[in-house]
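The structure appears right after this line, and notes come after that.
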């Protein structure tokens, strides 16, 4: 408000209201213009030609210039301009090619003054000379510009652009004789009004039509142009060749551009199509609008700053039949919503990260930027108005270098290659994969595989060496494992969190590698005590540390228990597993149910940390030796999500495939698809095409399996005439030769055909391999140095 | 033809041959205007074969639907062949009922655009884009509309140039192929373009049916000798726009929605680069060297737009009557609005003494004017949809 009063005193001639307001027009507007003292605005369009007074709180219709029962096309305006010296004088450009002037001082209802019908096509633009009362310029679709002296009946000079339609003409504000014209073919011409024979200079400003231009009100050298190519460009016209000094890329074709008064670098634009907003840009910050007005519902067709020296009011007319006065203080500031964070990987795994300083400032180790605080330029002699400042965001940029070893993904490649995903019984797959993981020193993963085998395997078929020496072990293991899983997860969770914070403070080693950092303190222990006892011990240790987790775990078990009752397959499965003819069926069932209930009770009662140790030993015999596989599904699901979250999507997908139907229904399709996509993407980045293909094939998501069916076209050239083979089949269209002849044995190849992409020659895989042992040249004798990879 | 132009044409035909395996009769007709031919082929190649939201068989099927509206058997067969070639389901060729429902939805807008484009309304677009199993995306729809408009207007050209009457399926060429052009073997380096371009069917070389696709096409052709299977409501045709003016149909004012200002930006936004290609076509057809004066060209253009309900504020329509004789106007109207292959256009006396290339030039003008008119209507409807 303080600012406001300053403005009004500066231009005391006009009492300027201060409110965003609008009024409905009867018809879409094509252009608007204000009179010199900023108290009235004229709106022109195909079916509207009215003058509104700008009052404190509202627009008031002053005059309807569109008179007559059936107004002629002369009233259908493409453009309108109010004279900036003579209050009663207006000019319009009619769509039928007429240039009309209007004298508001006329006593009659029809204010039409003069009518020039010299243009053959639609007149796109009219422009009064800024200081000469009687001089009017027009630009038309027919490619001509005409200069009218309003005291005469016809034009005084005609300028031929020698190119296509004229879209805009603008007198220079500072140079008396100069005007600029923009053309549909992308050119901008600068003319001297005294020399109609030839333009002073011409340059191509845009690709496609240049819809508008505007001379800078203060700087005589600057011309802003806007085009269909969605660009706004600012040209320095003082040099011998027009030089582009600023360029703003907008999101739609630019219909109008208007420099903002009193702000050297600001200009307002609106668009021709699709985008209805008005943007105010700071040309030095071309990537984000300084301010946006979002009131209109259809394209904005006319924008004008209300007063020549006041940057706070913008008037706009639109195809949605409204006229708006926008207050600058009400504009939205897109920069407030912008996210000033950025993240990018370098070629060698370096990571650059930029974030607001305020977010990073908590880091005490950071040194301030050596250039000092740049937020406030030194030349301010008074306190800058914060609303006129681009919100300054100073970001801190951190670059994290990657330690090559820690980032090594060898384990990933090896794992991908060595894992078996199908083709063997489930237990063997698990064992194999566990072994692979163990050899790669990833004991957690290895353990997981072992546990999976135990959880889901048919106990009867289990051929583990441990079968004979502990019956009880089999019974206890599943439950313990389920706890175990949880503990490991939470263990890693905290561990990695620690690791990450360390990484941040050291600014390196950001890339976490779950395989290597995983519970290093437990590594040795785990490896030497391989098998169930080791795990059990491990679990105890953790359980002692972390009772809360144990408690929550039991809660989950309770809820899961209901689930366990539901599926029928659980019972069927048990039939198979049992293989115990002596035990009657109902007894089995009782047995299966009862221990669980009691186990539950036991769990509920054993909440205290001291007893948690004994919990397992107590509940152990109560459990049936064979828990149904579905019992573990929620836990496995959690485990898979955990692995995926940790970035080891390889594990998640591999387990998903190996478990197959056992787990698939537990995980929603979108998540599965997401995992598959991530894993396949990773595999392809490591060029593990075969593995990726196998994964695609084994997946059950329809979105994934169809990946194999996309882009299966192979474009080939005929080996004979070297033209592309457009037909299907192996007969070349042009030379009628069979294209797939082996260059070595001259027989048609059926089966694996390998060929050089350079010369199109090839043949049987083994023939070519043999040939290349002895020669580097093409076997067809074409002289090409073939390369088969 | 100047030697340089001759070479330009053979280069274009070579390109077409290499990429498509044939040069169709339409391209041969246009060969007298190589500058235009180039932009025409580029556009056609882009919308039918290059990147775009619609799958390739869809594109050809849409083309078939569009051509069937004007009973243009030539284009129907041409696109049927290409449809099968890109792996389309031969069943669909049994008729519109066999096509997926999504394509059937397109039938209505096809009908309207083909005969009474001024009826195109925001509601049509809304129905197509209404979310559901069979819904279209905006980008797909724009491509479909471009293909429809392209093929409708191409029907006009085919009709105007009488290409269709050269093509009598199953009689001249027993295997039922479109009259494709195999006069030279690119591999042999023989690149002579015959000067007599008007009768391409003479150049048909019989080819053995070596390919299963061609065979299935053959079967399809045997079963369906006319194109009415791809359309509904066959009686719908052009109606005088002027007579309907008292209805609520507003005249379309170019000054309010023009190709340069509005259509281009919209179509280019939703289907990238097509705007430039179409712009190039419109530009090159008006700048073609011709003995017709610019005024006459503008009269033809504006007359076609006028009969389709598009008016220019800055044009004096009395000029049309001054410049175009009655039978010439009749001819233009017949070609633009009733390109029915079952009839032959009556060639006006004023055109008869002209060189074939000049006649073709008139037909090109008609085609492009009609294309732009249809696009303007369709794109305006899409714009209205986007604002609503």
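Every residue, even glycine, has its Cβ placed from backbone N, Cα and C.
Sequence annotations record features per position, and here TrEMBL assigns compositional bias 'Basic and acidic residues' to A:496-511. If you look up TrEMBL, you'll see A:491-531 marked as region 'Disordered'. The feature repeat 'WD' is assigned by TrEMBL to A:116-158, A:203-245.
Sequence-remote contacts of a segment are chain residues at least 6 beyond its ends whose Cβ falls under 8 Å from one of its Cβ atoms, and for the repeat 'WD' (A:116-158) they are 78-81, 83-86, 89, 91-101, 164-171, 173, 176, 179, 181, 183, 191, 193, 196. Averaged over the repeat 'WD' (A:116-158), the predicted model reaches a pLDDT of 92. Per DSSP, the repeat 'WD' (A:203-245) is made up of 0 helix, 23 strand, 20 coil. Mapped onto DSSP helix, strand and coil, the repeat 'WD' (A:116-158) counts 0 helix, 23 strand, 20 coil.
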